[in-house]
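S.K.: Here TrEMBL flags A:Cys179 as active site, nucleophile. If you look up TrEMBL, you'll see A:47-122 marked as domain 'Methylguanine DNA methyltransferase ribonuclease-like'. What TrEMBL lists as domain 'Methylated-DNA-[protein]-cysteine S-methyltransferase DNA binding' is A:129-207.
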Amino acid sequence: MTTMTHAPEADGERLRAALPAPDDAVMSRLHSRLAAQAGAAGILDVAYRTLDSPVGSLLLAATEKGLVRVAFAVQDHTLALRQLAERVSPRVLRAPARLDEASRQLDEYFAGRRRLFDLPLDWQLSRAFRRDALARLPEIAYGHTASYAQVAAAAGSPRAVRAVGTACATNPLPLVVPCHRVIRSDGSMGRYAGGTGAKRFLLDLESAA
Amino acid sequence: MSKPPFEQIVTDHGPTVFRVVRAVVGPHDAEDAWSETFLAALRGYPRLPADANVEAWLVTIAHRKAIDVTRASARRPAPVGEVPDAPTRLGLPQDADPDLWRALGDLPDRQRHAVAYHYLAGLPYKEIAALTGGTADAARRAAADGIRNLRGTYPRETDRMGR
């Protein structure tokens, strides 16, 4: 056997090479187990998953109270998760089970088989007037639209048209809380957090059904 | 500065912590030790200072959980400390090098801890000493002795090194 110098870094490298990192199957199994145990222990403050949809990948997140965030891909899922960690709790884990029902209802909605969402909602990311304005939106029936001014009036502040616009732009629960049904008084579509293409798609979907 | 979602911690540090606990408790109890570690970490995460060294914090938790899991395992009626003979289970990392697992398992605790925490987790000796007791110098010696013993009890690796 040749004698050689055993530099500590070389020993570490050899050891790490001989003890390879766990493969994806192991990590995936451990992750599922962690999510299940965390849920059972009541320390899974925010569970999330992504869902493929005709308007792109959706991030769905829920607390123990209910659905707390829906984010479009254009809103940046990584950023949305960071905001959840900051504003709700850093105990955030990918844990699809809690989003099963929300995913099912959204799939039905996009298939044209659902007009109303029946899900527990956690409104904590929306406060004060914005929350009041958003709370009126489910009153706009599927396939119909209302103007920002009409929503402002319904929320009890007829002059707060711009504030309604802001409330819609910052809606933490798009799709489920249908801000896509709010359009300009002149009938033009107005902006949308998921992009105007997504808003067009949703209005077309609902008028076709 | 705000803390990343815990999911990021699992992604970034899960594999390293798994190697560490696998080296410390062996392949059989590694998954239990990992699960206990990350469940405890999730519980304590909101109180962790934003500028903390996350990996060192995880290794500290893993050290305690590894001791618990090893004790629980020793209390079971038929402890399985040895790597099972399974020559065809390729692809399972715990079977990649059964001789090395055996050699690691045969090391005295202090040496095994020092080797795992320093060489696999990259912890400085001072922090290892804070975990396992004793001084930084003692931890350094334990790691060096551990590596020497692994070389001695692990002929295949020595051959490879000699080539």
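Each residue, glycine too, has its Cβ placed from N, Cα and C.
Bear in mind that the values here come from a model prediction, so they are computed numbers and not experimental data.
Could you place the listed features in the three-dimensional structure?
M.R.: Applying an 8 A CB threshold to same-chain residues 6+ apart, the list for A:Cys179 (active site, nucleophile) reads A:Leu134, A:Leu137, A:Ala167, A:Cys168, A:Asn171, A:Tyr192, A:Ala193.
Mean pLDDT for the domain 'Methylguanine DNA methyltransferase ribonuclease-like' (A:47-122) in this predicted model: 97.
The domain 'Methylated-DNA-[protein]-cysteine S-methyltransferase DNA binding' (A:129-207): residue composition by secondary structure is 42 helix, 4 strand, 33 coil, according to DSSP.
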